[in-house]
Amino acid sequence: MSWIGQLWSYETQKVIVVKNRRLGTIYRLLQLLIIVYFVWYVFVVQKGYQAQETGPESAVITKVKGVSTSKGPRGIKKIWDVAEYVKPPEGGSVFTIITRIESTKQQTMGTCPEQLSFFHNGVFQSRTVPNALCVTDEDCKRGEMHILGNGEQTGHCIIAGRGSLRTCEIFAWCPLEDETAISESLQDYVQNFTILIKNNIHFPQFGFSKGNIEGQGFLRNCNYHPVLSPSCPIFTVGFIVSEAGANFTELAKKGGIIGVIINWNCNLDLHLSKCRPEYSFRRLDLQNKISSGYNYRFAKYYNNNGTETRTLIKVYGIRIGVIVHGQAGKFSLIPTIINLATALTSIGIGSVLCDWILLTFMNKNHTYSLRKFDEVMRN
């Protein structure tokens, strides 16, 4: 038949009953697998009968409680309260709890060596600053500043500290921060600090809002426990660090970043009280030898006999970030019809596969192909 004749031809299905137990078994197994897949996975596990919404609108408020102490110069004890060790103090979703500080006191604007040589652990040591070492004044360019340096070069080459090291002189906040800075640790009591995490979420598609606090009275005598008290939003710092798989002593010394992940998985076809958050904890910063931990610097300024003076403070701490995920689902007719239609259509895959097996592997002497395809001609 020419292609013109084929253009005006019509094809219809022809039903052939093949009495073959092996092929029939394969066909019924395929149908069973398809039905189980759609009933169990699509409709039960994935809830294919529901409309879904992910990424809820979220607001987080945090509040830290606890008091710690540290020993400063000459063994002087200092009390640290929330106003001092929580940065920033606003109570947002990301904050830092200070665990250790190194302070360089009485810095003023003046001239000093760019690269200090200091006595530490029985030997002279120095910090490396590119282009800071010199032999004569000609090695120091007046007005030059290096991105890793601390100030502006004056053009003079001077002896740095008590060793024989010579370095360029700079105009900066002097004395520079170095390894002899005074260190104070707060870690003795930090593990017992408590953190209240208040989280409210909203799914705009369903007009549904929920918070993680069940009642004000509930907060008075509770601490979070995954089994005994999973609904309590009050956590101790030690528990968070432990659940994140981190070593508290190391974390308090070098600092680090921990994520508190709140996941809302809400089935709105059930009672609204069933929609509860699940908490998990994970360390987020990569641990490597080059740059590990978490720290930052800030300064406290004051006037000393008419001279602007500051204390430079290098802070090590536990940075906590609250991350909120979630999804909600509710029965909807449209996804139900679509998934039912897909399920019924997919059952036909079994027929296609069995036809291929029949015609490819079981078609001896072309018995089945001769019966499956007929051509009817009309004069």
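Cβ from N, Cα, C; glycine included.
According to TrEMBL, C232 forms a disulfide bond with C222, chosen from C222, C266. Per TrEMBL, ATP is bound by K63, V64, K65, T194, N295, Y296, R297; the candidate from K47, K274, K314 named for the same site is K314. Disulfide pairing as given by TrEMBL: among C112, C168, C140 connects to C168. TrEMBL records a disulfide bond between C157 and C134, which is the match among C112, C134. For C112, the disulfide partner named by TrEMBL among C174, C266 is C174. Among the disulfide-bonded residues listed here, namely C112, C157, C222, C112 has its C-alpha nearest to that of N295 (ATP binding site). A straight line from the CA of C134 (disulfide bond) to the CA of K314 (ATP binding site) spans 29 Å. Counting same-chain residues at least six beyond the ends of the transmembrane segment (26-43), those with a Cβ under 8 angstroms from any Cβ of the stretch are 49, 339, 342-343, 346-347, 349-351, 353-354, 357. Note on proximity: of the disulfide-bonded residues C112, C168, C222, C266, the one nearest V64 (ATP binding site) is C222, by Cα distance.
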